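Heads up: the structure comes next, in structure tokens.
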Amino acid sequence: MLIIKLGGSVITDKSRYKTFRRETTTKIVDVITDLGEELILVHGGGSFGHIMAKRYGFPGQVDSKNERGVAIIHNDMGSLDQKLVELFHKKNHDIFPISPSSFINGEKKNLEIFKLLVENHITPVTYGDVYFKSPDYVGIYSGDDLVLDLARVFKPERVIFISDIDGIFDKNPKLYQHAKLMKEVKSRANFENDTIDVTGGLGHKYEIMKQVKETGSEVFLLNGYFPDRIRSIGKKEFIGTVLI
């Protein structure tokens, strides 16, 4: 089994509200469906989630000033998910969308629906979204956190994080022209030292990746703008980062 996380930075333009990268995402979907493997799919929010979450101050307290934002973000994320589902359906791939609000209540999570779908050879797809952590507090259940929870339950052979970067670098590649891609990173490595750089939220993602690795799964990070790299995972020509 595979768990694949599609980063919001790949499937959307994070700088433009509700901008779906259809062509890029279609190419990724083509490769995923050709794998012919049992999988669970998770995707991020990108410009369908983060922009409005920031505007309305989530995660955080909910009141009369920002309560409308809960519905807006939830509906926007659902619309992004539907766009992705339609691409899979065009490839005749059976996929079933699951809103996080249907299986999380406060701190309690019920992942039984995922087990039921997998047993019936249907691909579950879920996504980061807002949810009520308490009656007056709205949290964000991120796609990366979802991946970790699912990995702990299903123990997949591989977990693949698809982002807009080639992998983990020794320096910030956006600042240093000669930054070197680290093809292997020890899962015990720490971003606080000088050998690994963390940019754009990669620190949290890396911590999640380390915890996923602890479940026994192989963990990979690769660039979704080059989806054929998914096919080369485990091969010498693979371009990306693997946690060891």
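Cβ from N, Cα, C; glycine included.
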Further binder of substrate named by TrEMBL next to Gly45, His50, taken from the candidates Gly139, Gly143, Gly167: Gly143
Beyond the site residues Gly45, His50, Gly143: chain residues whose C-beta lies within 8 Å of the centroid, for substrate: Gly8, Gly44, Gly46, Phe48, Gly49, Ala53, Met77, Tyr127, Gly128, Ile140, Ser142
Cβ packing number for Gly143 (substrate binding site), 10 Å threshold: 25
Secondary structure of Gly45 (substrate binding site) (DSSP, helix/strand/coil): coil
Listed binding-site residues (Lys5, His50), ranked by Cβ neighbours within 10 Å, top entry: Lys5
